[in-house]
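Asker: Sharing a structure below in structure tokens format, with a few things to ask.
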Amino acid sequence: MELMVLLNALVTRLLFVLHSLIGVWRVTAAKKEPKYWLLALLNLLLCLETGLTLKFKQGRGYKWFSPAIFLYLICTVPSLWLLEIHHGTQYCGNEPGAVQVNVSNQDFNQSRESSHGSEGTDHHIIQTAKVFVNQLSTICETVWTLALHQTFLLLLVVGRWLLPIGVEITRDQLSQLLLMFVGTAADILEFASETLDIEDVRKNYVLINAILAVWTWSMLQFPLDLAVQHIGCKPTASTRRIPSLLLCRYSAELWNIGVSLFIQDGPFFIVRSILMGHFRIFNQMLVFFTAKNILVVTLQLYRLAVITLDFRATVLQKSRKGEVSCCPCEPYEASIHATADQDTEMREFVAFPQKEESQTLSEDQ
């Protein structure tokens, strides 16, 4: 098992490094300046984190936070920023596939002719690899940027799945977290791709930076595991306050609501409203997803009101019973005590007729 943990930890981080290096390569090719290869030095942070995790945690994860995911964001986000700002100047035809096939066949024929007279197959393999790299370079920058966005979000989900989990998080919680990440990644990809593809947005440098800033802000939820873990609560003096009690009991639900309001749907709604209200940019998808953001924000506020009212009713019920000092932190604590009380009452109910029957028999005798 320890070997599998070590293998998963190393393979996942290797995938992160390879994807980050591909992003740096595309930035260097788009900008045509070798100095951008310095962005690859950010991967040294991920290598350092790998060594520390293997030494102190035996490859397993941490509670509430994933340093590997966070450092992967640091390594990849700058490259995507530069690619989106540059946006490429190559022309993407309506049928790029046919053009790529023709060029590919011509290049492969040339490679075969050049390597026909050479001895061995090593030279032919090298020539084929060069042709393959040249073929990838013919793809326009917009396609490369979208592909990097898509693979980036997919690797965040798959990488979180492959990373060894710590003792604080269960597999059930991990499965819930991954399902949340899949929906979150789809929303974030739609926001970045659909919004930045608008022609009027591309002409405004300030809008591009604002959209990328909101996109980066929304990515910060991936390293955190608070969406499926409850914060532990002890009945101390500080936790007897109403806000602390509410946070202890509904920490995961409140985190999900906070992420939606302040990190994802709320900022997305603000950006889309500015595009439509101030810049007069309208299209069918923009209006639809703005309405979707309004609906999600409204439902999250409704969920917050329901949680608050439920917690208030629980506190009032305990105060009437004289249990004000009790800390209602665990969601299932009341149900456990209720079940115990019902068992006790059932035993007394069953024992009571037996006592009456024994007394009646003794009187008859």
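Note: Cβ is positioned from N, Cα and C throughout, glycine not excepted.
Just so you know, TrEMBL annotations are computer predictions that nobody has curated.
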Asker: Pick from 6-24, 139-157: which range does TrEMBL record as transmembrane segment?
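Answerer: Feature transmembrane segment in TrEMBL: residues 6-24.
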Asker: If we skip the immediate neighbours and take only residues 6+ beyond the ends of the transmembrane segment (204-220), which ones have a Cβ under 8 Å from one of its Cβ atoms?
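Answerer: Distant contacts of the transmembrane segment (204-220): 73, 77, 81, 84-85, 188, 191-192, 195-196, 263-264, 267-268, 271, 275, 279.
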